[in-house]
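**Q** Below is one structure. I have some questions about it.
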């Protein structure tokens, strides 16, 4: 009936390439997880589709680039969205630039990441699964366009705790994907702080980040 | 040929195990069991360990048919764990090391679980889900460290289960988790509970507060049975664990999963993991209660690996620490 080509199978969804009334489109279809109780599974799938669409929209309103959503089909749990042309993940970009020793490009990327996340948190959007794989890049090093994707675990919270945990999740994914990158991550944090206008809430967020880091460390207790 | 003896006492299990070049010769254990509704306190647990240390040691030697002078190295748990029980057990290890004039090695408890799991299952380079009363971590090896990709940001999964068992006043014999598992088999009605996954990390404290608060009323009104609640709790927390394990596998491109730690002997958790792993065309490795639950052989096995690369702990450094992260240890015995 419709022509779709499997692009990629991730942990939770299959991505298909498709043509949506003349527009290049990606279909993200969340498949059933057989290991989960069916009630829990459909609850989570439903919740995540809604979160994904909502956060996507709210990010756009906050001036953050995201793929345009064309349509949602709750029957087969799929989201139809714009295909970002010639993207490279931030993960790949960092790997490539590190291999070339291009530290100025890396710093420029870190600046853009920090600014984008600051905008997102100013809009009280919590991404929930920040990794360098969930950031798509377009354009040249001095003029990078950064798209945020994969909002399935997102939520809307104003608290410093949630924003701090969001940064913590990124820090963990960042440091485990890119060895010896603490300095680059610090640049992201600095740019995040510089871009955040509400200085008081920004301080609270960074203090929470430090608290959550300690919590993780302290959790090595008995067992 | 290297023979190692391991002393484990970081929580409520006291174990002494003897390992000879990858073969477990003996692995006796004694568990401190508290009355229903109660957890184990450090002071009483330490007393339990002191009371049983010599009996368990004797049993280990007799079963292995090994004399003290045949042993090459003494291994003990440095941490993480509860302070008083750790110190009591380390004292025994230090004493025999000096009596028998043998070298001693301080072992990280989590590394013990991982090395034991690798030995028993033959897994080569797995993504490890380490789940117990005090720990919840997703670990993978890279560049001389066992790196923590995901973990709990508050309480451990086993702690969550144990504390729920106290709400239901379930027996602590053989373990609260085992009794929850048995009841869960008869559960039918699923109760939706908070499901908290943040990237590759999980959180259980909100879920525990929720169920602790709700359970009395739900049971009183006969809306849900204790079986239903055990079932719902297991389904929810295990789904969270499988999800972060899968995310870590996708992240690392891994095709093997190893489950270790006390909660790891739960059959339902193993079954759920097996389904996920099969869907990905990967392989699951799991062990049973002899090796999943804290034991002496795992400490001996990790110590044996360390000893073979030339490591020995000077006597004045044979201390204990309650906080000892898995990624603090340099893994000298793997490429």
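The first residue you see is number 1, and the count goes up from there.
Every residue, even glycine, has its Cβ placed from backbone N, Cα and C.
Predicted automatically and left uncurated, TrEMBL annotations should be read as such.
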**Q** Which of these, B:294, B:327, B:335, does TrEMBL list as part of the divalent metal cation site with B:109, B:113, B:130?
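**A** Matched candidate out of B:294, B:327, B:335, per TrEMBL for divalent metal cation with B:109, B:113, B:130: B:294.
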**Q** According to TrEMBL, B:130, B:131, B:132, B:133, B:134, B:177, B:181, B:266 bind substrate; so which of B:154, B:162 is the extra one listed there?
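**A** Given B:130, B:131, B:132, B:133, B:134, B:177, B:181, B:266 bind substrate in TrEMBL, the matching entry from B:154, B:162 is B:162.
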**Q** Out of B:109, B:113, which of the binding-site residues has the smallest number of neighbouring Cβ atoms within 10 Å?
**A** B:109
**Q** Three-state secondary structure of residue B:294 (divalent metal cation binding site) from DSSP?
**A** coil
**Q** Go through the binding-site residues B:132, B:177, B:266 one by one and keep only those whose Cβ is less than 8 Å from a Cβ of chain A; report them in sequence order, or 'none'.
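**A** The answer, in sequence order, is B:132.
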**Q** What are the sequence-distant neighbours of residue B:132 (substrate binding site), meaning same chain, six or more residues apart, C-beta distance under 8 angstroms?
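**A** Counting only residues 6 or more apart in sequence, the Cβ neighbours of residue B:132 (substrate binding site) under 8 Å are B:113, B:156, B:158, B:261, B:262, B:263, B:264, B:294.
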**Q** Taking the Cβ of residue B:266 (substrate binding site) as the reference point, list residues of the same chain whose Cβ is under 8 angstroms away and which are at least six residues distant in sequence.
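**A** In sequence order, B:177, B:181, B:234, B:238 meet the Cβ cut-off.
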**Q** Taking only same-chain residues 6+ apart in sequence, whose CB is under 8 Å from that of residue B:130 (divalent metal cation binding site), what do you get?
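**A** Counting only residues 6 or more apart in sequence, the Cβ neighbours of residue B:130 (divalent metal cation binding site) under 8 Å are B:110, B:113, B:114, B:136, B:137, B:138, B:139, B:260, B:261, B:264, B:326.
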**Q** Among B:130, B:131, B:132, B:133, B:134, B:162, B:177, B:181, B:266, listed as contacts of substrate, what is the widest Cα spread in Å, to the nearest whole number?
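**A** So the maximum pairwise Cα distance among the substrate binders is 18 Å.
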